[in-house]
Amino acid sequence: MIIRSPESEVKIVVDRDPVKTSFEEWAKPGHFSRTIAKGPDTTTWIWNLHADAHDFDSHTSDLEEISRKVFSAHFGQLSIIFLWLSGMYFHGARFSNYEAWLSDPTHIGPSAQVVWPIVGQEILNGDVGGGFRGIQITSGFFQLWRASGITNELQLYCTAIGALVFAGLMLFAGWFHYHKAAPKLSWFQDVESMLNHHLAGLLGLGSLSWAGHQVHVSLPINQFLDAGVDPKEIPLPHEFILNRDLLAQLYPSFAEGATPLFTLNWSKYAEFLTFRGGLDPTTGGLWLTDIVHHHLAIAILFLIAGHMYRTNWGIGHSLKDILEAHKGPFTGQGHKGLYEILTTSWHAQLSLNLAMLGSLTIVVAHHMYSMPPYPYLATDYGTQLSLFTHHMWIGGFLIVGAAAHAAIFMVRDYDPTTRYNDLLDRVLRHRDAIISHLNWACIFLGFHSFGLYIHNDTMSALGRPQDMFSDTAIQLQPIFAQWIQNTHALAPSATAPGAIASTSLTWGGADLVAVGGKVALLPIPLGTADFLVHHIHAFTIHVTVLILLKGVLFARSSRLIPDKANLGFRFPCDGPGRGGTCQVSAWDHVFLGLFWMYNAISVVIFHFSWKMQSDVWGSISDQGVVTHITGGNFAQSSITINGWLRDFLWAQASQVIQSYGSSLSAYGLFFLGAHFVWAFSLMFLFSGRGYWQELIESIVWAHNKLKVAPATQPRALSIVQGRAVGVTHYLLGGIATTWAFFLARIIAVG
């Protein structure tokens, strides 16, 4: 830390009324672009309108104006999020069986949607228990509401209305900070103030308020619920907050108030700030008292972190200094110049944020099942499968987005004249070594991982099981993963003596938590089958990275097209007369990367779905005998490609294929329709623009003959547009197909 004389004070400066509010202007399609605002000559106009509406770089080159538009758009995004949340809470209040579920979560399924009986649609409302007929939901909201201490539908109504108010507030803020008081560029570039406020405010106070809410509202209410008290008999939240004696009956240390805090006698609070580990056997979720403790600790860390950066007080870290001091022995100028990049290129900034958030989202997917945070979440298999799948897909998309914006930064914002011998320049200078090595790794992983499966399929077909790679023949045990599992399983007695159980039951040991005769979680064994599929994961991830990284590193130039930067972010080919230069733009790398991301995530969610049904989920008898949904067939079946096709895809598709005539029939229709959407994408991906242009021209001829030709000239989609439409339908169709397949299966058997 460097202490200096105070620099120029940070002032919050805004421009008053910079842009007039004009509904006339907004009503004109394409008002942000001179060419688009002229109106359509050809049908390409509508595509350009959509492509450029949010590409603020194309509206103006003024960084301040771009920053204001992005800032304003963020408020619009928040408004939509609040609106969506409000809708979720409103459905919980108006159409759900939340109160019934709350009184008996093990026998009643969550439902918050009842289908209107139009032309026989009442079949879709299945019996979820307790005499309620509706669609079983798998969003996890009920479990979250219970963990928050919500006990009746009125509270859900109030929250829904509150979220609507906030949605309106956000819309107003977006308008106000663009049209009435727009911040100056210096405000957007003041990273130290931004870090302090985001760390201390959003993360610090956010975590602290959640911890406070849990201590004063959630914990007491959940204690009553766990003890079987009728939700209507439980005191209301404000009674716990206002009446300390009420809390002291549940947690005696409350009688002493804040005295233990200020006298450093913190162990008094160990009643509700615990460090137990494992799961609560009543609910199958993490101990809520552990969660409170965690959020309190996080809050303190971030409140401290939010006071670390130098603003007007001449004390603390300066980010520019930190970055410029960051030099290694082989990295030349190191991070010098990175500060300027990240404060003038929002694409570079966004790219980093997307990469981090994408990785974090995938981490969330893995923690939601291994450390289920909410009561009765672990035994709701449909919700568990949905949460994992959802967070995996979202994480994959965000990471591809990171590569997309990194490439846009390279094309639009990177200035090669000022960047010399810093880290980025050095990476670009040895990009050939990076990409060729990565390519070799992909080839190695691909041939070896699939080679192991092909070997097994061949031996299986020839009737030689003793020569297969399996737990019962030639073993390929994941010894490093097992070592990590074992280390964590032993932690409570060794490195974490204060904990009663390890962080997750999945690590190992003898613990099993079951709620209402259903397994919540148990130690997950890893064997040869997992070793094989993990190498498929490694392969697909490396190929995705290869495609995306090649797109970023070769975004400005390559041996094939040295002047690529002049062609822009997306272009079909390097003009006529240069064959073999198609699919080289940075955009095309994102396009191709999306398919491999889809491959990678598909294998992950298939692995998860089958592994959990085979080795974790199931029922437990009074004698303690566990019967898994697919009877532990993963270890022996998933070691051949035929096993994946026969015992996973085909065997588990029976529920969605046979869903007609049952309350799951909607999933059967979605399964069919999504397959169609997926197949429709191939029409765009496997045909050239010229084919369609020829077809269109003969159709236009027919229109002219009949004198019904439109004024706007029809045009075939451009090559890039066709690919965009193709990949969108491919992903949408594929994801919706998987969704229908998973849910019909798990709701039927789980």
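Yeah, the Cβs are placed from backbone N, Cα and C, and that goes for glycine too.
Copied from Swiss-Prot, the annotated features are:
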- C573, C582: [4Fe-4S] cluster binding site (BINDING)
- H675: chlorophyll a' binding site (BINDING)
- M683, Y691: chlorophyll a binding site (BINDING)
- W692: phylloquinone binding site (BINDING)
- 70-93: transmembrane segment (TRANSMEM)
- 156-179: transmembrane segment (TRANSMEM)
- 195-219: transmembrane segment (TRANSMEM)
- 291-309: transmembrane segment (TRANSMEM)
- 346-369: transmembrane segment (TRANSMEM)
- 385-411: transmembrane segment (TRANSMEM)
- 433-455: transmembrane segment (TRANSMEM)
- 531-549: transmembrane segment (TRANSMEM)
- 589-610: transmembrane segment (TRANSMEM)
- 664-686: transmembrane segment (TRANSMEM)
- 724-744: transmembrane segment (TRANSMEM)
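When each of the listed stretches 70-93, 156-179, 433-455, 724-744 is scored by C-beta pairs under 8 angstroms to the transmembrane segment (385-411), 724-744 comes out highest.
With respect to H675 (chlorophyll a' binding site), the closest of these binding-site residues in Cα terms is M683, chosen from C573, M683, W692.
The 10 Å shell around the Cβ of Y691 (chlorophyll a binding site) contains 10 further Cβ atoms across the protein chains shown. Under the criterion of 3 or more C-beta pairs below 8 Å, with sequence separation of 6 or more, the transmembrane segment (724-744) and the transmembrane segment (433-455) do not qualify as touching, having fewer than 3 such pairs. Only residues 6 or more beyond the boundaries of the transmembrane segment (589-610), in the same chain, are considered here, and those with a CB under 8 A from a CB of the stretch are 369, 385, 388-389, 392-393, 395-397, 399-400, 403-404, 407, 530, 533, 536-537, 540-541, 543-544, 547-548, 550-552, 583, 630, 634, 638, 644, 648, 652, 723-724, 727, 730-731, 734-735, 738, 742, 745-746. Packing against the transmembrane segment (291-309) from elsewhere in the chain are residues 147, 191-193, 195-201, 203-208, 210-211, 214-215, 219, 272-275, 316-319, 373: each is 6 or more residues past its ends and has a CB under 8 Å from a CB in it. Residue pair C582 ([4Fe-4S] cluster binding site) / M683 (chlorophyll a binding site) shows a Cα separation of 19 Å. Here the CA atom of C573 ([4Fe-4S] cluster binding site) lies 18 Å from the CA atom of Y691 (chlorophyll a binding site). Within the same chain, residues at least six positions away from the residue listed as 'phylloquinone binding site' with a Cβ under 8 Å of its Cβ are A716, L717. On the backbone, the CA of M683 (chlorophyll a binding site) and the CA of C573 ([4Fe-4S] cluster binding site) stand 21 Å apart.
Cβ crowding, taken as the number of other Cβ atoms within 10 Å, peaks at C573 among the binding-site residues C573, C582, M683.
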